[in-house]
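This report refers to the structure that appears directly beneath it.
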Amino acid sequence: MTPRSNLVVVPWPVLRTTSLSYLLPLLLLLLIHPWRGSCHPQCLDFKPPFEPRQPLVFCKEYTKFGCCDLEQDEEISTRFYTVMDYFDYSGFTTCGKFIRSILCQECSPYSAHLYDAEDANTPMRLLPGLCGDYCADYWHQCRYTLSLVLEGLGSKSVQDPGHRGHLARMANLTAAMEEDQGLFCDFLVLKDRQYCYPNVLTNTELNANLGSVREDPEGCLELCLQEVANGLRNPVAMIHANDGSHRFFVAEQLGYVWVYLANGSRVDRPFLNLTQAVLTSPWAGDERGFLCIALHPRFTTVRKAYVYYSVYAKRQEKIRISEFTLSPHDDNQLDHASERTILEVVEPASNHNGGQLLFGDDGYLYIFIGDGGRAGDPFGKFGNSQNKSTHLGKALRIDINDNDNGAPYSIPPDNPFLGETTAMPEIYAYGVRNMWRCSIDRGDAATGYGRGRLFCGDVGQNKYEEVDLIVKGGNYGWRAKEGFSCYDRKLCQNSSLDDILPIFAYPHKLGKSVTGGYIYRGCQMPNLNGLYIFGDFMSGRLMSLKENTTTGEWLYNEICMGKDQTCRFPKLINSYYKYIISFAEDEAGELYFLATGSPSASARAGVVYKIMDPSKRAPPGKCSIKPSPVKVKGKLIHFHPKEEFVINKKPTTTAAPTTTTRKTTTTTRKATTTTTRKATTTTRKTTTTRKATTTATGGDDNPEENDRAKQATAARRPTTTKATVTVQITATTTAVKETRPARRPTVAAVRPNVRPTVRPSVKANGRKASTTALGVASSHRPGYRSTVMTPTSSPNSTARHQTDHHHHRAPEGHANTTLSKAQEKLWLAEKQVSTGEGNQVHKTPPRGGGGGGGRAGGRIRTYNQGSRGKKLRTGAVRLVSADGLRDRGRVEIFIHGQWGTVCDDLFNSKAAAVVCRQLGFTASLAVMKRATLGEAESAVRILLDDVECRGTERTLLECKRSKIGKHNCSHQEDVGVICGYQTGEE
């Protein structure tokens, strides 16, 4: 949502004593905000629009794409006919079209923009924004229906608890507006003529690709992300159990496997710990380690897991495939004593270890092993990959079923090379170099098309990366070919090669180490169905392929992060760490990728991202799941995202350019597609701001691949872009103008690498990764209602975001801020009165004892007593105002004997209603973010963050929130509220 120029906030007690002529413009400014710039399709529930499962009956124009299902459509129809009961036939005919159109804008795909609801933390308009001409016609023909429409809204179940208060106040003003066209249309008109109703329906540009995946001017698909796990050390794989629990398991290169429950929390005990056996090192780019895990497809009954890892045994480096059995005492832990070796393969070099295990639809276990390492597969006359007497450079298939009392595995009877005496019987396909990440297509949910197909990314040598469709007995060409081109010309010209070409290959201008992905078959994002999404470890580029089922061609599109406006939905982000290690899908088929900011097995820089399409979602209820319960032994570690949500980003100005010169190169994007048999690739026109300095998962003894390991070790420190923004808030009597840094300081932690935002490294924006504070959520605690309001400090203090490098926590042990003596005297002179038991205001704080306030002898004291000397209860709140106003100020909460602030992240009018009700008010008039009503001094602790309330709680502690003292914000984000009363109340 674009920034607003001025926001006039008028508390209701002031309104009731103000003349009507002065009142109307102020109220209209509060309810109507001028819009400039672009918006995006979004519904009033702050989610993307959808195609309803059943056609709409009343608001038919939105039956293909909009924000209403049939139930909402019926509710709107009921409200319409309730209003129209007041009209005769003539009035029904004349005014019905206006009222129907206005009410049906709740179903518009741009309803959030029309109702000023694109920010979940700001008040909504009462009615959708109209265009000027349409409003004039409405006023001339049906002006007196406005009060009826507003009364109809009063009976509607409204999410915002302050909404009814607005309606009650508006009822006294509609009479004046109905007589004055200027006031009438000032209330209804949306200043942005492009997006007001009905222009928004006829705008060709807005409606051309409505509901399709958004593309930038260069054709890049704009998607967003959701952070679901962090703090991982090179997360190499993520799988699910397919047991209805919707758990997922994340493996780290060191040898740990962790269990994450459906609610995002992690079990503190590892599912598997092989760190003592796994061969790896902390240096960036080491390809050895714990590389993959696969659960038996009938895990609920067979209860076995299979792992792929590097070991050093008998003076040799080996690949080991092992079997483990689930612990009989803990469903979230394997029995470490049950390990049984299935297969071991000697590795002649430390690279090209392969690393993929998966079960096919046939129930067999597929194993993908690299060619043995070094450069160009130099082993033997034709290399390992073309030599069927070795397991290296192959895709293997074995049967591990019913193996409890015999050999660890058997050979499937239809394996393709059983008839060749010199061939290893486990081989399913050959001629592969170093396949990194393969997946099985679930198939289209409706038709089943594609089910069982096996896709793999095969890391290239000097020029090309490729994506292959693996079939039984296939020869994928290495070392004769790399991608579509010849690598070993003698082998390439051999007529008996009979190799299968990739479905797609791309040059090293786009990336140097492919990470295979998945065909999206989930439910939540219907636009992505059938799209193969993959990436590149070196460049951080996300890419996609779409099959033309008629021609068999695969069409390429790059994926980039949507701009802030595109991703402005709750909990979404639009940046990620560039080293894309793996892709995954959950039990429901939703798609994820695993990336890190530092490609070292010892760096806790790994993050799991969920891929999100902001352009269209599935209809409500279609994708709902009910995870089966999981018994957990031990503790749960609650997840708290580190990244800043797009919806919470603050406006910034661009920092002055640096004098550092960067070498630039240019590549060309051709509008051609890549077919199964034609050696054509698609590249993008991009500008490089720096050379790729990362490590691929497949380095070799050649100049390009040797650079990968060297370059990845050159860590870059994150930089802080200093920017200032001036925010001017015009209140009833005062204007506060504050200038402060637009972003909180960043901390150089273990995540020193570049994160792609709109473009990954090939077209970087010059920014480097910044880190944010890490907090841990906790379960709700009961709170106590407090009726205390106390004096506090001036808001004009400088925020200092103090952080340690490991946990990013604010320093412990600091008491709350207090007034200076001059401020205290001024405040007491203005407010030394009692407002009754429900809202006591402190008089001069007592000296000495534990209940004192202010500074004495250089020691900071805290107010820990409430009204009339009573001890404060945990959860009490107060409003801190520099002007001494009792109805507005920075929110502070009393916990564990001290006062502290509350962050504005997720804090909305429902949370404000809880605060105001504690202080004796009956309504919340406004939520003021970004320390608009003052920021606390650095000594004050930030006690609460991510507060989400239903509006009925007694205290903020009863709301959903992060753990006390855990936050990822600074005092520049201290939240404030303005409280008041509903109509007819004191």
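Count begins at 1; order follows the chain as displayed.
Backbone N, Cα and C define each Cβ position, glycine as well.
Annotated signal peptide per TrEMBL: 1-39, in sequence order.
Feature annotation from TrEMBL assigns compositional bias 'Low complexity' to 650-697 (among others).
Look at TrEMBL and you will find 650-723 (among others) tagged as region 'Disordered'.
For 711-723 (among others), the entry in TrEMBL reads compositional bias 'Low complexity'.
Residues or ranges marked as region 'Disordered' in TrEMBL: 758-819 (among others).
Summarising the annotation, TrEMBL assigns compositional bias 'Polar residues' to 787-800 (among others).
Residues annotated as compositional bias 'Polar residues' in TrEMBL: 833-842 (among others).
The region 'Disordered' annotation in TrEMBL covers 833-868 (among others).
Here TrEMBL flags 847-857 as compositional bias 'Gly residues'.
Look at TrEMBL and you will find 877-980 tagged as domain 'SRCR'.
The Cβ of Cys949 (disulfide bond) has 23 other Cβ atoms within 10 Å, all protein chains considered. TrEMBL lists Cys949-Cys959 with the feature disulfide bond.
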Model confidence over the domain 'SRCR' (877-980), averaged pLDDT: 91
The domain 'SRCR' (877-980) - residue tally per DSSP class, helix then strand then coil: 16 helix, 37 strand, 51 coil
Cβ neighbour count (within 10 Å, all chains shown) around Cys959 (disulfide bond): 23
